[in-house]
């Protein structure tokens, strides 16, 4: 990997997610340089101008400009938010063919620049497109990261916090699997202050597993609800992307639920899925393999199989 004294993030795609991500980066002063690249040059230029005008209010100034793929050469992270959007009633997997075509061209342009950093993928279906980026780029698998279930996990912790009247930061619970309809909650490892969720239910009759099952459905279907109401989701995922970016650039070794390549972990292989992983300056340091109960293992296996069925016709063995 290329080592520079100045951190640079290249953003591909200045749509709602990309622009919100850029806004989050500047507000938290996560990177020293941000270059915005979009087919619509005027949109990228406008975003760069708008963000620069607010730099005086940020903790530290971030050099921000609109650029071209050649600017990816010196980037530490390229975050791809470009692609076709999910429409009302459309699943994330419905976007596969459209976005695979788009991604092949984007990744080839980025690699032609001499880029040798870390890819961060946000475009849906994120697990499929993260795998595609790995295949198209030829970079090591640990340097290709998808947003995975980081937002689902955030939604999960928020709703659990509301239910138990506890700050979400003190709720420890994960959503794993596909970022989509087959994702699953890991109830067997969910706790608040070291007390398991199942134990809390036993102690207090006002809490029920039926309520929590409904809570998970609200987590899983949150995107559909938001899309129906406002057309797209972008603030939450942008903040999740900013969190991953911070973990990488600061070499945090933080555990985040991101889409990463499985090579035997969780009983599956040759697929990118959302699982807890240690994230640092080199990308994915290691996967945190939770001990799942039998029901969770079966659900995870089903989620993996759904993704593999989508991948199979598009990435045949060479």
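For all residues, glycine too, the Cβ spot is worked out from N, Cα and C.
For 179, the entry in Swiss-Prot reads active site, proton acceptor, with the evidence type sequence analysis.
The secondary structure of residue 17 (NAD(+) binding site), as reduced to three states from DSSP, is helical. Residues annotated as NAD(+) binding site in Swiss-Prot, with sequence analysis given as evidence: 17, 38, 43, 69, 83, 84, 122, 123, 124, 147.
Of all Cβ atoms in the shown protein chains, 19 besides its own fall within 10 Å of the Cβ of residue 154 (substrate binding site). According to Swiss-Prot, the substrate binding site annotation covers 86, 92, 124, 125, 126, 127, 152, 153, 154, 155, 233.
Under the three-state DSSP scheme, residue 157 (beta-D-fructose 1,6-bisphosphate binding site) falls in the helix class. Counting every protein chain shown, the Cβ of residue 157 (beta-D-fructose 1,6-bisphosphate binding site) has 23 other Cβ atoms within 10 Å. What Swiss-Prot records for 157, 172 is beta-D-fructose 1,6-bisphosphate binding site, and it gives sequence analysis as the kind of evidence.
Marked as phosphotyrosine by Swiss-Prot on the basis of sequence analysis: 224. Secondary structure from DSSP puts residue 224 (phosphotyrosine) in a helix.
When Cα-Cα distances from residue 83 (NAD(+) binding site) are compared across the recorded positions 152, 154, 224, the shortest belongs to 224.
Of 86, 122, 124, all annotated as binding-site residues, the residue with the shortest Cα distance to residue 172 (beta-D-fructose 1,6-bisphosphate binding site) is 122. The Cα of residue 122 (NAD(+) binding site) lies closest to that of 152, out of the recorded positions 152, 154, 157, 224. Residue 172 (beta-D-fructose 1,6-bisphosphate binding site) falls within a strand segment according to DSSP. Annotation note: residue 83 (NAD(+) binding site) sits in a coil segment as assigned by DSSP.
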